[in-house]
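Colleague: My questions all concern the structure below.
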Amino acid sequence: MQTFAEIALLREQIRAWRREGRRIAFVPTMGNLHDGHLTLVRKAREHADIVVVSIFVNPMQFEKADDLTNYPRTLENDLAKLNSEGVDLVFTPTPEVMYPQGLERQTFVEVPGLSQMLEGALRPGHFRGVATVVTKLFNMVQPDVACFGEKDYQQLALLRQMTLDMAMDIEIIGVPTVREMDGLAMSSRNGYLTVDERQRAPVLARTMRWVSSQMRGGRTDYSEIIVDANDQLRAAGLQPDESYIRDAVTLQAVSEETQQAVILMSAQLGKARLIDNQVVELTQPAAPVAEAAES
């Protein structure tokens with residue numbers, strides 16, 4: 001497994017593989033890898049001869065300096081895991097390599113609409129940072145396919161729209177959320193949970209499944225469903241953040257034309273912000289509006 005921190009070395013190797021006619025898959029990460037990330041790597045291997053992984057904690061997508069400083073960095077362990085998975089190349093740039101002129105002078109990429117709505121409204125600038133760094137990494141790696149987790153549902157939708165809008169010849173593959181045995185979606189931020197909080201954390205997934213069951217049972221009073229769901233979260237000691245039921249394709253409000261809806265839920269538990277989602281097939285005409293419930 002090769003490990004490069006410099007763009008020139010990365011590009012030299014990519015060009016060599018291209019000359020050999022190799023198909024390249026790419027998995028961008030911020031490190032602190034868990035089984036969810038490794039599932040992305042395995043999916044990438046199914047679609048290509050060469051698997052490239054990046055590890056870069058992107059300062060452009062953090063709103064709070066403390067969050068950036070405290071984000072877990074476990075490079076040695078990450079490289080060992082990726083080597084065990086047979087990854088061909090790991091790109092580990094520094095912020096100085098990725099943003100040589102600093103963030104203030106960096107050209108940015110922003111996807112209208114999807115960058116500002118839902119999670120984007122809660123975290124201004126976050127998706128601009130995601131779109132910018134992924135665009136730069138795509139330009140460096142030039143992959144045929146790129147794999148992203150469905151846990152970050154809005155991010156996946158945004159990156160699909162970005163590649164379409166920018167005419168990037170890259171297939172974006174969404175990979176189902178990997179869960180712990182008790183249903184908690186795997187996340188690097190789960191490491192922030194105390195022992196007691198970890199025991200309570202699966203309530204988010206259970207509540208989401210309850211919302212899904214209500215919808216599949218025919219309920220269309222989505223705002224009331226979300227209010228009830230938030231009450232369940234509070235009863236378990238979680239602080240509801242933003243929760244929505246939206247059209248699974250557009251992420252706009254559910255309409256009569258909606259065939260698939262997505263439940264998007266988030267909650268604060270101690271130092272960890274937990275997020276999760278589930279797509280639901282609608283069996284009858286949808287309610288016209290489904291907005292966030294007040295926390």
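Glycine residues also receive a Cβ, built from the backbone N, Cα and C atoms like all the rest.
Heads up, here are the entries from Swiss-Prot:
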- 30-37, 149-152, Val178, 186-189: ATP binding site (BINDING)
- His37: active site, proton donor (ACT_SITE)
- Gln61, Gln155: (R)-pantoate binding site (BINDING)
- Gln61: beta-alanine binding site (BINDING)
Colleague: Compare the Cα of Ser188 (ATP binding site) against each of the recorded positions His37, Gln61, Gln155 and report the nearest.
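Modeller: Of all the candidates listed, His37 is nearest in space.
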Colleague: About how far apart, in whole Å, are the alpha carbons (Cα) of Glu150 (ATP binding site) and Gln61 ((R)-pantoate binding site)?
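Modeller: If we compare the Cα positions of Glu150 (ATP binding site) and Gln61 ((R)-pantoate binding site), the gap is 18 Å.
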Colleague: Note down the number of other Cβ atoms within 10 Å of the Cβ of Gly36 (ATP binding site), including every protein chain shown.
Modeller: 20
Colleague: Would you pick out, from the binding-site residues Met30, Leu33, Val178, the residue whose Cβ has the largest number of other Cβ atoms within 10 Å?
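Modeller: Highest number of other Cβ atoms within 10 Å: Leu33.
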Colleague: Sequence gap of 6 or more, C-beta under 8 Å: which same-chain residues meet both conditions with respect to Gln61 ((R)-pantoate binding site)?
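Modeller: Residues satisfying the criterion: Gly125, His126, Phe127, Arg128, Gly129, Val130, Val133.
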Colleague: Look at the binding-site residues Gln155, Ser188 and tell me which residue has the greatest number of other C-beta atoms within 10 angstroms of its C-beta.
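Modeller: Buried the deepest by this measure is Gln155.
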Colleague: Where does Met30 (ATP binding site) sit by DSSP, helix, strand or coil?
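Modeller: Coil, per DSSP.
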Colleague: In three-state terms from DSSP, label Glu150 (ATP binding site) for me.
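Modeller: For Glu150 (ATP binding site) - judged by DSSP and reduced to three states - the answer is coil.
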Colleague: Tell me the Cα distance separating Met30 (ATP binding site) from Gln155 ((R)-pantoate binding site), rounded to the nearest angstrom.
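Modeller: Here the two Cα atoms lie 14 Å apart.
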Colleague: Calculate the distance in Å between the alpha carbons (Cα) of Val178 (ATP binding site) and the residue listed as 'active site, proton donor', and round it to a whole number.
Modeller: 9
Colleague: Restricting to the chain of His37 (active site, proton donor) and a gap of 6 or more, list residues whose Cβ falls under 8 Å of its Cβ, or answer none.
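Modeller: Val27, Thr29 - these are the non-local Cβ neighbours of His37 (active site, proton donor), listed in sequence order.
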